[in-house]
Amino acid sequence: MNIKDRTSEFQQSVLSYKKRNKNFREQQRERLQEKESENFANNTTGNGKSVSEFQKKASGIAHEISSTAQLLSKLAVLAKRKPMFNDNPVEIAELSFLIKRKIYAIEQSLVQLSQLKKTDVNGNTSNQSSKQPSAVQHSKNVVNLLNTQMKNISGSFKDVLEERQRLEMANKDRWQKLTTDTGHAPADDQTQSNHAADLTTYNNSNPFMTSLLDESSEKNNNSSNQGELSFPQNDSQLMLMEEGQLSNNVYLQERNRAVETIESTIQEVGNLFQQLASMVQEQGEVIQRIDANVDDIDLNISGAQRELLKYFDRIKSNRWLAAKVFFIIFVFFVIWVLVN
């Protein structure tokens, strides 16, 4: 009779059984944890509707504040550029309008959030025992933090607009000085020759003036050959000066409009600051009322504790009441013994 050693097979089967049993237990444990989490979520959804709504609204406001801060940083970079060389007034105006709309929308959302917090506090004042003071304090801290961040962003926006206005005014003064200097320049031969040289280089670089230069050169050659006097160069100079003055006037008008837009935006930001200050004042009044209510509750609790201690002392000193209680207990004990 041949005997085979199957110890290794038995050990392998035992290991495989242990692995299967371990995996089965882990699956059961995961299922139980999922059921417990679902039950806990179902139990807490009814109690935490206002809290979840408050948290969702606060997270949305925080996201809007962060996006507004990014736009404000971009606007600050654009506003610090020199308006004469590298300027983009259209993009600056669009960013200013977008930031202004975002600030107004965030202000309205903060008002709604503060109203939601007020309704939550007023709805739970009757059941102070079931109310969690940590949740109320957390909501209060969240509202105060969002108001502070919004105040900082509004202040930064106002500073950026004031810096932009300062640069615009400086550029406007510079252009006015340049135009007055060019208008009252001395008319000597040296300045005329320098201006003619600059005009020649400008005309050579300008493709629209090449035909005019060719015609003027031909007329100059004909007049020099025939001995006649002609001044087409002076006509072209006058035309170029008129074009330069028109372009300067258009540029100054655009700058004036940009300055007016910035001034109106600064005024609107000031109005938003006033609204934010009123909101902060209302929050301060609400906090003071909550503190007063907490003080009243502390006084009531201390008074109730004193009354309970007095009643306990009175019961302890009343021996006749203790004798009555003892006698009643003894009578019930005797009746119970007799009945049994």
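The count begins at 1 with the first shown residue.
Quick reminder: no glycine exception, Cβ is built from N, Cα and C everywhere.
Averaged over the coiled coil (146-173), the predicted model reaches a pLDDT of 82. According to Swiss-Prot, the coiled coil annotation covers 146-173, on the basis of sequence analysis.
Annotated compositional bias 'Polar residues' per Swiss-Prot: 39-51 (among others), in sequence order.
For 189-209 (among others), the entry in Swiss-Prot reads compositional bias 'Polar residues'.
Annotated domain 't-SNARE coiled-coil homology' per Swiss-Prot: 249-311, in sequence order. Under DSSP, residues within the domain 't-SNARE coiled-coil homology' (249-311) fall into helix, strand and coil as 63 helix, 0 strand, 0 coil.
As annotated by Swiss-Prot, region 'Disordered' applies to 31-51 (among others).
The feature region 'Disordered' is assigned by Swiss-Prot to 180-231 (among others).
Sequence annotations record features per position, and here Swiss-Prot assigns topological domain 'Cytoplasmic' to 1-319 based on sequence analysis.
Residues or ranges marked as transmembrane segment by Swiss-Prot on the basis of sequence analysis: 320-340.
With a cut-off of 8 Å between Cβ atoms, the residues of this chain six or more beyond the coiled coil (146-173) that come close are 58, 61-62, 65, 68-69, 72, 75-76, 79-80, 82-84, 92, 96, 99-100, 103, 106-107, 110, 113, 252, 255-256, 258-259, 262-263, 265-266, 269-270, 272-273, 276, 279-280, 283.
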